[in-house]
Structures are given as C-alpha cells and as structure tokens.
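S.K.: Handing you this structure, nothing more for now.
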Amino acid sequence: MNYRHAFHAGNFADVIKHIVLARIITYLQDKPGAFRIIDTHAGAGLYDLESDEAQRGGEWLTGIARLMQARLSNETVALTKPYLDIVRAFNPKGELKAYPGSPLIARGLMRPQDRLVACELEPKARKALIGVLRHDEQARVVDLDGWMALPAFVPPKERRGLVLIDPPFEAKDEFERLGEAFSTAFAKWPTGIYVIWYPVKSRRATDTLVQAVARLAAAAKPPGDCLRLEFSVAPQLDGAALTSSGLLIVNPPYTLQGELKTILPELEMPLGQGGAARFRLEVPKPYP
Ligand code: SAM
C-alpha cells in the first residue's frame, strides 16, 4: 500500500465528496432515530496542511482554500455551512492549517445517539485516526480490510445510515472489487445509503461500475435510486494529478439532487484549473 491521502487532503475531489457527505448526514439528522456511518477506507482523520506531503503537491490550495474564499450565494452558503463549519472548527485562528477527513466530518455531524465505524488498513494512518478519535465512545476505528468490512458491517443495528466507500484505487482490479463488495453488501442492506467515490480516468471502467450498481439498485424490491456526480477541474493529462472524480450515490436523500443543482454551478469558477470546472449530475441508466 503506497497511497497516502496526506498528499491529496483538501483537494477538489475531497471538497466535493465532503460536501455531499455532509449534506446526506444533515438529512439523516432530520429524524430522531439513530444512524450509523460506516467509512470503509477512512484515512488518517486529520491532515496537517503544513506537512511536507500537503505542501509538496499543494492540492488543497486549489481545493478547500479556493472554496473558503469563494463568493457564494446565500443558498449555497447555507447548504455548505455544515461542512465548512467543521473545517473552520479545526482552524480556529482563521488561517487554513488543518483539514478534517471523512471520519471527522461525519463525527462533527453526529448526535449523541449516532455511531461511526471507520476501517483503515495502513498502520500509520490508523494510529493517527485512533489518536484523533481517542476517548470517543461513539466512534470505533477498526483494523479491518474495508472490502471485508463492507459486507460484514451491514445492515447496522440502527437500520439507518450511510456507507462511504472511498478506496485508493491503487490496485488494477479496484473497480471490480468495489462492484463485487457493493453487490454483497447491497443484497444484505438494500435500503442503506451508499456513497461510492471513483477517479475518472477510464470512461469504460466508470461506466461499467455505474451501470452495474444502477442495475442492482433498480432490481431491488422496492427499487433503489442512484445519483451520479462527476466533477472535472481540467482535462486529464497523462501522469498528472487527478483532475476528474466521481461519486455514485445509492438511495440518495430525495433532497440531494436539488441541493447539488444549486451548489455545483457555483463551484465551477472557484475550483477550475486554467478555466472553469465542469460537472455532470444525472440519474444513471442501468443499461447503456
Ligand atoms: N475517506 C477518506 C476521506 O475522505 O477523508 C480518504 C480515504 S483515502 C482515499 C483511502 C484510504 O484507504 C487510505 O488511507 C488507505 O491507507 C486506506 N486503505 C487502502 N486499502 C484499504 C483497505 N483494503 N481497507 C481499508 N483501508 C484501506
């Protein structure tokens, strides 16, 4: 395992993923019933933006730093507030020095009745995550392969909640593994909300995954919905940092698509690199 999220923390892909994560958790807060967040590939939790890794690529400078300075409509300010309030809480002096990863964003939006399970396999990242969540009785960090945890941890006993599937896509077969693990998990818990992150490099790989997931969702009883979001900040050049990423959301809250239609157009200018960014938001078809 070579992947270190510290190089990428707070980049455009994190920003889009974490806005969506926070919108879904905010929706889950509307009902008093407890929910559980299952983060299958959780990362280190908190990233030092002054570290060598973060400084080297400087990816956060074109991600969270741009968003924090963007002029947004009142509506988008309100919709991104739950996420940005958490980022601000980790930067109390105003200057951006730290970036919270998905477990801390989830944790920041949980109520006393809610729970978080976070899997992280890389020992240093896991140790860091255990450190930031120490003494936290609502959060559990597990030393378990996320691909095993995904089917094993569902359905949660609360029967409400969200599974974030955010692997590093280092292995060549990661798209296939994701499809297989999702299929087993979804069969056990067809009413859960699943958020699947993917890099957009091969159109064939992404379309195959999206169609397979959409087919499974459509065949469930009652049928589940899917929402596909892709965000591209620049054309992808060979060997360059990732410029386009996707999220596939299974059983999204009915409010999410409308919220994203408000938020995403306002992120095209601030997050674009050498021109405006572009997004795609659609309900995917199960068949080509
Ligand atoms: N979800 C995090 C966030 O949004 O802040 C970022 C996670 S990063 C993209 C992927 C993480 O998965 C890395 O920290 C990596 O060490 C970890 N990882 C890689 N393979 C894994 C596996 N099989 N099971 C669990 N974690 C794994």
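Please read every residue number as a count from 1 along the shown chain.
From the backbone N, Cα and C atoms, a Cβ is placed for every residue, glycine too.
Curation plays no part in TrEMBL annotations; they are all automatic predictions.
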S.K.: According to TrEMBL, His18, His41, Ser102, Glu120, Asp145, Gly146 bind S-adenosyl-L-methionine; identify which of Asp52, Asp85, Asp166, Asp173 is listed for that same site.
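M.R.: Candidate in the recorded S-adenosyl-L-methionine site: Asp166.
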S.K.: If we count other C-beta atoms within 10 Å, could you say which of the binding-site residues Glu120, Asp145, Asp166 has the fewest?
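M.R.: Candidates: the binding-site residues Glu120, Asp145, Asp166. Fewest Cβ atoms within 10 Å: Asp145.
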S.K.: Could you tally the C-beta atoms, other than its own, that fall within 10 angstroms of the C-beta of Tyr3 (site 'Interaction with substrate rRNA')?
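M.R.: I get 16 for this one.
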S.K.: Which secondary structure state does DSSP assign to Asp166 (S-adenosyl-L-methionine binding site), in the simple three-class scheme?
M.R.: coil
